[in-house]
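Visitor: Please see the structure below; I have some questions.
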Amino acid sequence: MLDNEDFVLDTSPRELTQNPLRKIWLPCKNGHILQRRVCMTNCPTLIVTVGLPARGKTYISKKLTRYLNWIGVPTKEFNVGEYRRECVKIYKSFEFFRPDNEEGLKIRRQCAMSALNDVRQYLSVEGGQVAVFDATNTTRERRGTIVKFADQNGFKVFFVESQCEDPDVVAQNIVQVKLGNPDYIHCNTEEAIEDFMKRIKCYESSYQPMDETLDRDLSYIKIMDVGRRYLVNRVLDHVQSRIVYYLMNIHITPRSIYLCRHGESDLNIKGRIGGDSGLSARGKEFARNLRKFLQEQNIKDLKVWTSQMKRTIQTAESLEVPYEQWKSLNEIDAGVCEEMMYEEIQENFPLEFAMRDQDKYRYRYPKGESYEDLVQRLEPVIMELERQENVLVVCHQAVMRCLLAYFLDKSAKELPYLKCPLHTVLKLTPLAYGCKVESVCLNVEAVNTHRDRPENVNVQRSTEDALQTVPAHF
Amino acid sequence: MALTADGSEQKELTQTPLLKIWVPWMGCNLNRRRGSSVPQFCNSPTMIVMVGLPARGKTYISKKLTRYLNWIGVPTKMFNVGQYRREAVKIYKNFEFFKQDNEEAMNIRKACAAAALKDVTAYFTKEQGQVAVFDATNTTCERRAIILNFAKEKGYKVFFVESICEDPEIIAENIKQVKFGSPDYVDRDIEEAMEDFVQRIECYRASYTSIDDDKDRKLSYIKIFDVGSRYLVNQVQDHIQSRIVYYLMNIHVTPRSIYLTRHGESELNLLGRIGGDSGLSPRGQKYANALAIFIKSQNIKDLKVWTSHMKRTIQTAEALGVQYEQWKALNEIDAGVCEELTYEEIQRDFPSEFALRDQDKYRYRYPKGESYEDMVHRLEPVIMELERQENVLVICHQAIMRCLLAYFLDKPGDELPYLRCPLHTTLKLTPVAYGCKVEPFFLNIEAVNTHRERPVK
């Protein structure tokens, strides 16, 4: 925050220099880059889940963590149940959770404290911005302890409560994620379900849901019946607003998302990047095979999305179904390197080529974009994908890597090297806490466009070293 | 047309010259185009129905929402039943008109609501509208049922927005801000107007039934409590409703000002060249210093400063000597192949492009570049964050500033690209009543003129 006293008139304005990798303009003096006054989201945020067992708290925690990390907000989840499993190696039965089990209560309290300590470490020391504290937190007392902890450490608190009384949803939940849980590895299905239902009962009597009146000064969202209804109270800042928007757009209706690239293009064959060329003969064949594949899949109400580039649209046209063009799905803009071969980039811009290999995620082409920029422009696509059900996205290599990284929780370091070959469709189906991936190669030959990170990324490297991993082309 | 291996015709793609959208060449039969490049916000038309006692901000929300939806490209129109009433009953006497037992008035009011609904139908069927905001109290189950039946018959979706507030200060402020200036109270002094209006509210109160969270659980609605302190959201059906909820949850009524300015004059500006990433000219640097002095003199509390990622806006911000945040989304329009050319060179090298741009400057996309329409799309997160924030200074570029200004001043697509945003002038925007007050500050540093008028047909 600035007072007017902060407005020091600089008669000799600071020089600006452009960071060669990210192409960001930064102030510098005598050649040294000055510490950029970065605008961070003030204080770290602690997201606290609330709810009876089998209400989707861990599902929400993991999904939210994945989303926030993908959009660039360092986030980590802390599941108290896992701390408990560390502490009590063997789970015997629901009796552990009985409200009159003094020893059990003591252990559980210790686990919560231990988790909070790790939260403090993550947010205050390790530079994390959001911590998701995943536990039942069903009593006002427990929540009060957490709020105090947050106040002491300068963290904002945002509660996410999930309330659901639909027995079918709860049962489905238990089947999907509890049966496979380490706690029930040695039980058969019936035993496990019976025990878990009794476990839930242990919490029910002391459950105090977030209250409109008693908790009116807290920031929270109450999710009712898996998203039919939401109560949102006192959203404090940008991050909380984004979290609310995200939580209000996700659903658990079974569906599949199909990701593929356009068919092989004329520029692909020549080993040239970017551009706006049409499909090669093999690319057209892929499009026809794609149509057959989709018909065989018998997908209900499939939506088809493309970019606004000729090659994805040509691919979609062969499907003979309505499709929607998204400019945000356009391939990464390679700026001055558009339509060049890697060999030409090495010849004309060897420094740029080396820097790209040094940090492919953050590297921005001159007058172009970076993967980091792509993620930002793809965020509305991801949001809409969350809202939708069955969708086929016909896009491009870099774009597909970004989308895949979101669904498979890949880090920024891994993202630019994910394998997304031409003529292969990935079918993603949400399963338990993650995503099942089925890779279908539609049996049409295509050039390989994947470039691995070469060993030598030094700007002084030889041409040979630089071109070590460039794929073959015509 | 080429034949494919199995003998079927493969339609070639052609790129539309103005929008640069790839479409299958179907001769003159463009109607059967399968691909849509317009975002599919909603299939059936949607009615947003306001609910709430008088002076709860319904019209404020209606107008703001309408402005936002139109700006993002969803054709939206507001239907204020009060206006229909003022048409029907030329002179407003007093609150007695609104008394529950005033049968004659009741009939008039019912007729006005019906007339408004009729116009809603016309808007959807004849004017290609997508969203209609039905602004009235709609405080009884009965009235809401009539609307629901109407919508069901026609196949329109309904989304209710209820504003609930019992804070007397907020209500009094509301009355002061917008009721005193209302045509109903034009000939009254403040005390009389206040007293009458309070009685008016009481007329509605007895029969007011809030949307029932249990009985109405199948309806789609949002309840806004105490100007945004709390929200209840029920059964969001589709994308547009989700966007509306997100928007409503981000707006606030805390007084504040937004300052919009372009970077100081740049080296390329001096050369008459568009785009690029050049630094400030000496006069541009002077402007940056003058801006610093001006901002200081404005005595602004907790000012946030935003720039683009381009050198000229950052250099301008540097002169302020304060923290600033760089947004790539605030970068100037990408002129593609025309980057760093003068208009004379564009005319010489790309005469047909130049002509197309003048035909429809809003939708025209530069080859390998962007259109104003594309920019609005990428500025939407900026607008959303501006709504969340309080005092902000945005240092940006000509086309960007036009887009942002069009949002605040409710300018349509065909006016937007011709809004005047000269160099070295800061615009101070302050929300007032239902709109925005604009104060221009020319900081007395000369600069080139970069404005191109709409050519005469």
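Yeah, the Cβs are placed from backbone N, Cα and C, and that goes for glycine too.
Taken from TrEMBL, the feature active site, tele-phosphohistidine intermediate covers A:His262. The active site, proton donor/acceptor annotation in TrEMBL covers A:Glu331. According to TrEMBL, the feature substrate binding site maps to A:Arg261, A:His262, A:Gly263, A:Glu264, A:Ser265, A:Asp266, A:Leu267, A:Asn268, A:Arg311. Under the heading domain '6-phosphofructo-2-kinase', TrEMBL lists A:40-254.
Each of these features: where is it, how hidden is it, and who are its neighbours?
Guide: For A:His262 (active site, tele-phosphohistidine intermediate), the count of additional Cβ atoms within 10 Å of its Cβ stands at 29 [all protein chains shown].
Just so you know, the Cβ of A:Glu331 (active site, proton donor/acceptor) picks up 24 other Cβ atoms within 10 Å once every protein chain is counted.
In the three-state DSSP reading, A:Ser265 (substrate binding site) counts as strand. Around A:Ser265 (substrate binding site), the same-chain residues at least 6 positions away in sequence with a Cβ under 8 Å from its Cβ are A:Gly275, A:Ser277, A:Gly278, A:Leu279, A:Ser280, A:Gly283, A:Arg311.
Averaged across the domain '6-phosphofructo-2-kinase' (A:40-254), pLDDT in this predicted model comes to 94.
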Visitor: How far apart, in angstrom, are the most distant Cα atoms among the substrate-binding residues A:Arg261, A:His262, A:Gly263, A:Glu264, A:Ser265, A:Asp266, A:Leu267, A:Asn268, A:Arg311?
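Guide: Spelled out: the longest distance between any two Cα atoms in A:Arg261, A:His262, A:Gly263, A:Glu264, A:Ser265, A:Asp266, A:Leu267, A:Asn268, A:Arg311 is 14 Å.
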Visitor: Quick one: give me the count of other CB atoms within 10 A of the CB of A:Arg261 (substrate binding site).
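Guide: That number is 29.
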Visitor: What number of additional C-beta atoms lies within 10 angstroms of the C-beta atom of A:Arg311 (substrate binding site)?
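Guide: I get 31 for this one.
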Visitor: Anything within 10 Å of A:Glu331 (active site, proton donor/acceptor)? Look among the recorded positions A:His262, A:Gly263, A:Leu267, comparing CA atoms, and list what you find.
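Guide: For A:Glu331 (active site, proton donor/acceptor), the recorded positions whose Cα atoms are within 10 Å come to none.
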Visitor: A 10 Å Cβ contact count, applied to the binding-site residues A:Gly263, A:Leu267: which residue has the minimum?
Guide: A:Leu267
Visitor: Compute the centroid of the Cβ atoms of A:Arg261, A:His262, A:Gly263, A:Glu264, A:Ser265, A:Asp266, A:Leu267, A:Asn268, A:Arg311, then list the same-chain residues not in that set whose Cβ lies within 8 Å of it, in sequence order, for the substrate site.
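Guide: After dropping the recorded site residues, what remains is A:Ser277, A:Gly278, A:Leu279, A:Ser280, A:Gly283, A:Leu422.
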